[in-house]
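**Q** Below is a structure I'd like to ask you about.
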Amino acid sequence: MSHLIDPNWRASLKPVTGSKFWLDVAGTIMIPYVIFYLSLFGGMRALKLALLPFGYIAAFRVLFLGGLDTQYSAMYGNQMFNLVAGSATRWALSDLPPDYQPTTEPSPFPTIRQSTAYKALSMMLNVHRHVGIKGFIPLRSQGKTRLQYIRHHFIRVIISRQLWTEFVYLVYLFSGATYSAAPATDLYTRMQDFQRHSGIPPAITRTLFAVNIMIMIKLGLEIVWHASAVLMIGSGLWNGEEFPRLINSPLKSTSLTEFWGKRYHQLNRDTLSLWSNLFKPLGRTIQLFSVFLISGVQHYTIYHTGLPIPGSFTAWSSLFLGCGFGIMLERLWYKRTGRHVSGPPGLMWMLLWTALICQPMVCWYWQMIIVDQMPNLTPTHSAVGWILWYTGLAPRPGTLSLHVDRS
């Protein structure tokens, strides 16, 4: 992978701003909200379907025209498109209102919670996970007070944020870069140099680097999740039981099917399940594969529209299509043997397969680091970095970390 990427590439982007753009942003919020509001009364399918195309148009414009500073605009636009293409479409097609399970915890604002305006807002923010809707994720009280829930999520924000910082610091330590100057080398060259200094084969280094990146992604999702829980539970309008674990012990998975279907986050559940139905006539296996095809395209649009770095399509398509193909192999194994992939062999299979198919994504992340995509993070945030410097095991945070042999 070439390292000749202009570090000032961001300056060449000309995102759309102005009143028309912010009108699109407002459309991505108001149109789904109105659809959810109407859904609470039941019926009115024709009106909801008439509004739906305008929601798609607004979400696409925000996603591809930008305006909230590239990647942030892409992530926002994609999330709102996910809302329109998933939950809003689902309820626009339904003539029946949602059937909610009663909350088991008291609220300081019961009147507000019973209002249609609140219920529509709650649907927009929470319905894509189906928490509390009968037949999906049930409400389970943990016997905590509201303050205890807030404290729990606040502590998790702090812990996840610090852990994320440490794993990012490991990436920069390995890269041989400062936090403000990119390394003039690609990933393969850096691994060869690292092998000469450490004796660790590149295959092991790539695998460890992949694990590090995946942990960073998991922690990043948890930071946003727990921070949202603090704000929403703290408002008094949402209860602690409405925020179950986002990612449920992924390393306990013993197959790709269990990892993606039960333990990883289900934030895209509505969109993927709804649109994969288009492939249902082709059989269950193809339909499952289509879930990862759709997810790969979705993630590609998030990152490529905001980070137009070469290789992003290969990175995301190889990861998600590879996962889909792996699940097809698991289903083939079950049909041939009558046994599900499970136990320690299943865990080993899941880890090795994931480490293999995510290599293009790992290289893409490395390239993203080369063009300095984390300018707001300074090495002084890393407690481990300061400990290593104090003990003489690493350079002072903010200086060139590891020597890169450019000979």
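Yeah, the Cβs are placed from backbone N, Cα and C, and that goes for glycine too.
Feature annotation from TrEMBL assigns domain 'Wax synthase' to 244-306. According to TrEMBL, the feature transmembrane segment maps to 21-40, 46-68, 199-217, 285-303, 315-334, 346-367.
Explain the structural surroundings of these features, please.
**A** Taking DSSP states H, G and I as helix and E and B as strand, the domain 'Wax synthase' (244-306) has 48 helix, 0 strand, 15 coil.
Distant neighbours of the transmembrane segment (21-40): 47-48, 51-52, 54-55, 57-59, 61-62, 65, 67-68, 76-77, 80-81, 83-84, 87-88, 91-92, 94, 97-98, 116-117, 119-121, 123-124, 127; these residues of the same chain sit at least 6 beyond its ends, with a Cβ under 8 Å from one of its Cβ atoms.
With a threshold of 8 Å between CB atoms, the same-chain residues lying at least 6 positions outside the transmembrane segment (199-217) that come near it are 163-164, 167-168, 170-171, 174, 188, 191-192, 354-355, 358-359, 361-362, 365-366.
Same-chain residues lying 6+ beyond the ends of the transmembrane segment (315-334) with a Cβ under 8 Å from its Cβ atoms: 255-257, 260, 284-285, 288-293, 295-296, 299-300, 303, 340-341, 353-354, 356-361, 363-365.
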